[in-house]
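Undergrad: Right, I'll just put the structure down here and ask away after.
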Amino acid sequence: MATSMVKLMLFSALILLSLQAVVSVTPLHFQHPLDPLTKQEISLVQTIVQNKYPSSSNRLSFHYIGLDEPEKDAILKWESIKPTVITVPRKALAIVIINSQTHEILIDLKARRIVSDNIHSGNGFPTLSVDEQVVAIELPLKYGPFIESVNKRGLNLSEVVCSTFTMGWFGETKDRRTVRVECFMKESSPNIWVRPISGLTMVVDLELMKIVQYHDGGIIPVPTADNTEYRFSHQNPPFGPRQHSLATHQPQGPGFQINGHSISWANWKFHIGFDPRAGIVISLASIYDLEKHKSRRVLYKGYISELFVPYQDPTDDFYYKTFFDAGEFGFGLSTVSLVPNRDCPSNAQFLDTYVHAADGTPLLIKNAICVFEQYGSIMWRHTETGIPNESFEETRTEVNLVVRTVVTVGNYDNIIDWEFKTSGSIKPSIALSGILEIKGVDIKHKSEIKSDQHGILVSANSIGVYHDHFYIYHLDLDIDGVANSFEKTSLKTVRVTDGSSKRKSYWTTEVETAKTENDAKIILGLSPGELSVVNPNKKTSVGNDVGYRLIPAIPAHPLLTDDDYPQIRGAFTNFNVWVTPYNRTEKWAGGLYVDHSHGDDTLAVWTKKNRDINNKDIVLWHVVGIHHVPAQEDFPIMPLLSTAFELRPTNFFERNPVLKTLSPPDVQWPGCPK
Ligand SMILES: *[C@@H]1O[C@H](CO)[C@@H](O)[C@H](O)[C@H]1NC(C)=O
Ligand SMILES: *[C@@H]1O[C@H](CO)[C@@H](O)[C@H](O)[C@H]1NC(C)=O
Ligand SMILES: *[C@@H]1O[C@H](CO)[C@@H](O)[C@H](O)[C@H]1NC(C)=O
Ligand SMILES: [Cu+2]
């Protein structure tokens with residue numbers, strides 16, 4: 001009886017879950033002005049552009065179709081007056097290559113008309129489309145000189161798989177939309193990335209869609225397929241270690257509600273947007289203050305603006321590998337479906353989303369985002385042993401909310417989490433998995449290495465090339481209001497020289513408020529201190545400015561020289577922290593057109609204006625980096641490597657905001673005696 005009851009409950013929970021999924025894809029809810037474009041809206045963009053530029057007489061491909069975000073003022077007004085009273089413009093931006101020219105087409109979705117249509121004339125090209133890459137990777141298989149190279153190596157052409165790689169920019173003045181194509185051997189293992197056919201240079205012109213440059217630098221053995229398999233169904237025993245199930249059982253159901261793309265959970269409310277380029281976008285995050293009886297804004301908008309991955313091998317095969325994954329390939333376009341029970345725990349709920357194909361057709365990404373609660377550590381505790389005969393303990397369980405997506409760009413998988421804590425912290429984290437980019441070499445053992453191989457021999461004939469992963473977060477914090485300041489609190493040693501203490505030294509703090517952008521360019525390192533965004537117009541009852549502190553990720557600094565082309569393009573990595581005044585168009589830290597970019601539209605360039613940031617609407621940028629010296633454990637597939645930072649309230653609340661929190665009720669497992 002009890003079990004069938006449980007089954008019934010589970011069954012209805014499943015129905016609820018699937019209903020939730022349906023709700024998320026059909027616009028039954030009231031549309032939020034920050035909601036990602038719907039399937040219908042993407043189709044509308046496609047139709048409007050095709051009507052102006054009929055495909056019978058024009059060659060067009062869509063490289064971006066996304067929400068043209070309303071001005072912040074409009075959103076804030078909408079939010080305060082409530083949705084039914086005020087309408088916010090609903091516009092889409094389409095970046096379309098029409099007859100080899102890049103158009104920025106702004107479309108009013110309500111009026112169903114083109115607002116503006118401008119041709120981009122600066123440097124750089126839009127995000128690549130998946131469709132053109134699919135065509136480009138087929139070209140070598142029909143290209144005589146390549147077939148000859150394959151035959152010369154005794155390889156089977158039917159087992160060759162190719163992939164596209166953006167070319168970067170190395171000072172050329174004449175630019176064409178080109179990509180490099182490299183090929184790999186499939187054969188008995190699907191792990192193509194560790195089996196490159198090295199030594200070939202192939203360049204495809206994407207406008208002409210043909211191979212325009214080819215060079216065979218000589219035969220280098222393709223690494224063996226042995227021990228490169230990672231699919232469970234194709235592996236051989238022994239298996240292990242064994243893992244035991246760990247179900248999260250939520251007898252009262254989930255503690256969060258999803259309404260369209262708006263989430264409410266515990267004391268938090270926020271909106272989940274999605275962009276073909278940025279992927280997941282967290283907006284309008286506010287926390288309810290139990291004492292002030294109101295919701296207080298923390299984050300207006302947060303997302304990953306760019307990911308820069310420069311490889312550190314200067315030779316012909318690799319020098320150009322200086323990727324900008326968000327701008328060149330699109331984090332949204334590269335978002336993959338999450339696997340229930342594996343990528344996200346069994347209590348997760350999923351959101352679907354739409355992106356677009358090169359012809360403008362909407363494409364569904366099922367289970368693109370998951371939301372779930374998980375146990376954290378202890379929220380707070382104390383065991384009191386100091387009161388005679390009255391020892392006791394008070395302890396609170398921490399349950400956090402996680403929003404997760406996975407972005408797979410070629411060989412690498414980026415696990416992107418936004419974790420919310422009831423204590424007021426937001427903890428964004430990045431974790432990497434997937435497969436190393438391997439360079440084939442004629443070396444089977446370390447003892448044969450005579451010169452710098454620019455990486456680590458992770459397997460016979462396989463160099464895992466040195467590289468970095470630099471993510472830059474755009475964090476438009478609005479701490480209890482829009483006007484904020486950026487503060488650096490330095491911890492300084494003070495020497496006692498006047499004999500007033502038995503101590504010879506102590507430390508104290510020194511606070512500086514950044515006046516302009518230059519004051520806020522921070523290289524994190526040895527000098528201890530705290531970085532915070534405060535609202536100088538709002539004070540706590542004892543007079544502190546309300547604020548949020550950045551507890552940064554382990555700092556990573558670029559090692560390339562400032563005059564090196566990739567570093568000019570990726571100059572947003574020059575500092576770990578930057579602050580800019582809010583500007584709706586300054587979204588992409590590496591520039592809007594980052595493929596073949598010249599670095600003339602980066603965060604480093606914008607901030608040269610050294611604008612005023614004191615008591616203004618400001619945006620915090622944080623670079624989260626990983627220097628990757630590969631190791632054998634990263635082969636043939638890499639266990640998660642992660643880094644995180646925290647945005648933590650600092651004098652934002654009057655006291656511990658979870659002082660009166662309720663721990664979750666103890667779980668009585670069905671069928672278990674009490
Ligand atoms: C080449 O690969 C194809 C497809 O896997 C296979 O059918 C064929 O037998 C292979 N040819 C040789 C010569 O091994
Ligand atoms: C604590 O308990 C012990 C034993 O029950 C008793 O002897 C002692 O007087 C108590 N101390 C106080 C401060 O109450
Ligand atoms: C916003 O940023 C763009 C790009 O940096 C700049 O051209 C424009 O002048 C800025 N607008 C304002 C109001 O500062
Ligand atoms: Cu790496």
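Using the three backbone atoms N, Cα and C, a Cβ is placed for every residue, glycine included.
Caution: TrEMBL annotation is automatic and unverified by curators.
This is the feature table in TrEMBL:
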ACT_SITE  D325  active site, proton acceptor
ACT_SITE  Y412  active site, schiff-base intermediate with substrate
DOMAIN    32-118  domain 'Copper amine oxidase N2-terminal'
DOMAIN    127-223  domain 'Copper amine oxidase N3-terminal'
DOMAIN    248-659  domain 'Copper amine oxidase catalytic'
MOD_RES   Y412  2',4',5'-topaquinone
SIGNAL    1-24  signal peptide
Undergrad: To the nearest whole angstrom, state the Cα distance for the pair the residue listed as 'active site, schiff-base intermediate with substrate' and the residue listed as 'active site, proton acceptor'.
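TA: Distance between the two Cα atoms comes out at 10 Å.
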Undergrad: Which residues does the residue listed as 'active site, proton acceptor' neighbour through Cβ under 8 Å, counting only same-chain ones at least six apart?
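TA: Correct list: E306, L307, F308, V309, F331, S334, V407, V409, N414.
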Undergrad: Provide the three-state DSSP residue tally for the domain 'Copper amine oxidase N2-terminal' (32-118): helix first, then strand, then coil.
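TA: Residue counts in helix, strand and coil order: 24 helix, 31 strand, 32 coil.
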